[in-house]
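Beneath this line is the structure, given in structure tokens, with notes to follow.
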Amino acid sequence: MKFHGTTILVVRRNGQTVMGGDGQVTFGSTVLKGNARKVRKLGEGKVLAGFAGSVADAMTLFDRFEAKLREWGGNLTKAAVELAKDWRTDRVLRRLEALLLVADKENIFIISGNGEVIQPDDDAAAIGSGGPYALAAAKALLRNTDLSAREIVEKAMTIAGEICIYTNQNIVIEEV
């Protein structure tokens, strides 16, 4: 799957979890929108979620994920695993093309349609076409500065926007 037009980054530091997403929506080689909102709070404001991929598919997955959060009493780990199971086995859901990045104060997960629920080894994760750039910048800043999680997300997303042509610098940031 190729996900153009998206960079989503999450960083956790000092009890703060911050997620940022760029605002660019690209169709082929054309920028259709520059201020899309790809990051939001779910689960009564305790969970951050961002997406890479088809907007309509992501909205469906956000709805399903929020239902799983309610079903499992806000347990992010259980909700992520159960969504991944449904996504992989449901005939309609498995056609959806997106990746989800979800986080709360304790956990970060990347959820994919082929049943993967990936928990990163450290306190940062990213998805989308600019994800590798944002993640590399965030890891360097985590290891070599005392910046806050929010400052790291802002700087790393700016760097990704300078490198990835499918990422802009209209960044939406949410934190828990």
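In case you wondered, yes, glycine gets a Cβ from its N, Cα and C as well.
Here Swiss-Prot flags Thr6 as active site, drawing on similarity to another entry. Under the heading Na(+) binding site, Swiss-Prot lists Gly161, Cys164, Thr167, citing experimental evidence as support.
For the pair Thr167 (Na(+) binding site) and the residue listed as 'active site', the C-alpha distance works out to 6 angstrom. Take the CB of Thr167 (Na(+) binding site) and look out to 10 A: across all protein chains shown you find 30 other CB atoms. Within the same chain, residues at least six positions away from Cys164 (Na(+) binding site) with a Cβ under 8 Å of its Cβ are Thr7, Ser129, Gly130, Tyr133. In sequence order, Thr7, Asp22, Gln24, Ser129, Gly130, Tyr133, Ala134, Met157, Ala160, Glu162, Ile163, Ile165, Tyr166, Asn168, Gln169 are the residues of the same chain, not among Gly161, Cys164, Thr167, whose CB sits within 8 A of the CB centroid for the Na(+) site. Rounded to a whole number, the C-alpha distance linking the residue listed as 'active site' with Gly161 (Na(+) binding site) is 10 angstrom. Using a 10 Å radius centred on the Cβ of Thr6 (active site) and all shown protein chains, the other Cβ atoms total 30. Sequence-distant neighbours of Gly161 (Na(+) binding site) (same chain, 6+ apart, CB under 8 A from its CB) are Thr7, Asp22, Gly130, Thr167, Asn168, Gln169, Ile171.
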